[in-house]
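I have placed the structure first, in the form of structure tokens, so that the comments after it can refer back to it.
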Amino acid sequence: MAFLENGNHTAVSEFILLGLTDDPVLRIVLFTIILCIYLVTVSGNLSTILLIRVSSQLHHPMYFFLSHLASADIGLSSSVTPNMLVNFLVERSTISYLGCGIQLSSAALFGATECFLLAAMAYDRFMAICNPLLYSTKMSTKVCVQLIVGSYIAGFLNASSFLLSFFSLLFCGQNIINDFFCDFAPLAELSCSDVSVFVVVISFSAGTVTMLTVFVIAISYSYILITILKMRSTEGRQKAFSTCTSHLTAVTLFYGTVTFIYVMPKSSYSMDQNKIISVFYMVVVPMLNPLIYSLRNNEIKGALKRHFDRKTFS
């Protein structure tokens, strides 16, 4: 049943997701494409985690953070993609009330965790380039673990604000969501209760995560740029900058899509455009991160080559 009587309200027990399209042919095409992307996402990020674990050359803070970033990528993609794939194959795309809350909070958890991990990686690059003599002390195992744990705690707090706000909403029968997953904005539009407080809570939580991590990344790279420009050796400049290009690319992709979805005025783009950008943010970007780091990072390419050479000659 979609609705259950609850006092003077009709409580919603499930939501109908309109998805990306109702064209049956296009649904099959999108199912195939997104399934392939998801398989590459999971296999690519798992490979990154395993490679960092087995390669002693990659037992450095940067790759410790990268392995957790890969875990967050799998979590972010898995919070939405499996349900979306199932919905491509059924005529009526639904998600239970509880499932909607879990999906919403999972996306908030891994999205925020990824923000803080990217900020931690920027701080790591700042210490490596601007304070190389203090790097081993300032980025000790204890500090790295604290940054990782802090990232997950921040993600959990962000997810809690989303989940508590969701369970505080009242729904009076309307249960059709014009999206492919349970996002807070369309859910707030469906609610028959006063959502102003919860919108402020969500905006504050998501805004704090974004602003704080962007600030850390911007300050870190400002100092990095100043330090690189002061280097007299061209080779030194190139080497220092090459260690940052992969991370900068990942940051640009991630925050570019986040800015489009959550910062730009809703009137500046259509709902269909928002869906496309959301797919890019939650499905495509998690696939691109391992490719970016493996293709642009010489240490990872070297570790991959040594690993395959051992496999070939063993």
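Numbers run from 1 along the shown chain.
In case you wondered, yes, glycine gets a Cβ from its N, Cα and C as well.
Per Swiss-Prot, the feature disulfide bond maps to Cys100-Cys192; the stated evidence is sequence analysis. Reduced to three states, the DSSP call for Cys192 (disulfide bond) is coil.
Among the features that Swiss-Prot reports, N-linked glycosylation site is placed at Asn8.
The topological domain 'Extracellular' annotation in Swiss-Prot covers 1-28 (among others), and the record cites sequence analysis as its basis.
Per Swiss-Prot, the feature topological domain 'Cytoplasmic' maps to 50-57 (among others).
If you look up Swiss-Prot, you'll see 79-102 (among others) marked as topological domain 'Extracellular'. Within its own chain, the topological domain 'Extracellular' (79-102) has Cβ neighbours under 8 Å at 12-19, 27-28, 30-31, 34-35, 37-38, 41, 109-110, 163, 166-167, 180-182, 187, 282-283, counting only residues six or more beyond its boundaries.
Annotation comment: Swiss-Prot describes 124-136 (among others) as topological domain 'Cytoplasmic'. Residue counts for the topological domain 'Cytoplasmic' (124-136) by DSSP state, with H, G and I taken as helix and E and B as strand, are 12 helix, 0 strand, 1 coil.
For the topological domain 'Extracellular' (158-199), the number of residues in each DSSP class (helix H, G, I; strand E, B; coil) is 22 helix, 2 strand, 18 coil. Summarising the annotation, Swiss-Prot assigns topological domain 'Extracellular' to 158-199 (among others) and lists sequence analysis as the type of evidence.
Counting residues per DSSP class in helix, strand and coil order gives 17 helix, 0 strand, 3 coil for the topological domain 'Cytoplasmic' (221-240). The annotation topological domain 'Cytoplasmic' is assigned in Swiss-Prot to 221-240 (among others) on the grounds of sequence analysis.
Here Swiss-Prot flags 262-274 (among others) as topological domain 'Extracellular', drawing on sequence analysis. Mean pLDDT, taken over the topological domain 'Extracellular' (262-274), works out to 66 on the 0 to 100 scale.
Per Swiss-Prot, the feature topological domain 'Cytoplasmic' maps to 296-314 (among others); the stated evidence is sequence analysis.
Under the heading transmembrane segment, Swiss-Prot lists 29-49 (among others), citing sequence analysis as support.
Remote same-chain partners of the transmembrane segment (58-78), defined as residues 6 or more beyond its termini with a Cβ less than 8 Å from a stretch Cβ, comprise 38, 41-42, 45-46, 48-49, 51-52, 106-107, 109-111, 113-114, 117-118, 120-121, 124-125, 128, 139, 144, 147-148, 151, 155, 250, 282-283, 285-287, 289-290, 293, 299-300, 303. Among the features that Swiss-Prot reports, transmembrane segment is placed at 58-78 (among others).
Per Swiss-Prot, the feature transmembrane segment maps to 103-123 (among others); the stated evidence is sequence analysis.
Taken from Swiss-Prot, the feature transmembrane segment covers 137-157 (among others), and the record attributes it to sequence analysis.
The transmembrane segment annotation in Swiss-Prot covers 200-220 (among others).
Swiss-Prot lists 241-261 (among others) with the feature transmembrane segment, giving sequence analysis as the kind of evidence.
Annotation: stretch 275-295 has the most Cβ pairs under 8 Å to the transmembrane segment (29-49), among 137-157, 200-220, 241-261, 275-295. If you look at the topological domain 'Extracellular' (158-199), the same-chain residues 6 or more away from its ends with a CB under 8 A from one of its CBs are 2-3, 9-12, 14-20, 80, 83-84, 87, 95, 99-101, 103-109, 111-112, 205-206, 209, 271, 275, 278-279, 282. Sequence-distant contacts of the topological domain 'Cytoplasmic' (124-136), counting only residues of its own chain at least 6 positions beyond either end whose CB sits under 8 Å from a CB of the stretch, comprise 61-62, 65, 220-221, 223-224, 227-228, 240, 243-244, 247.
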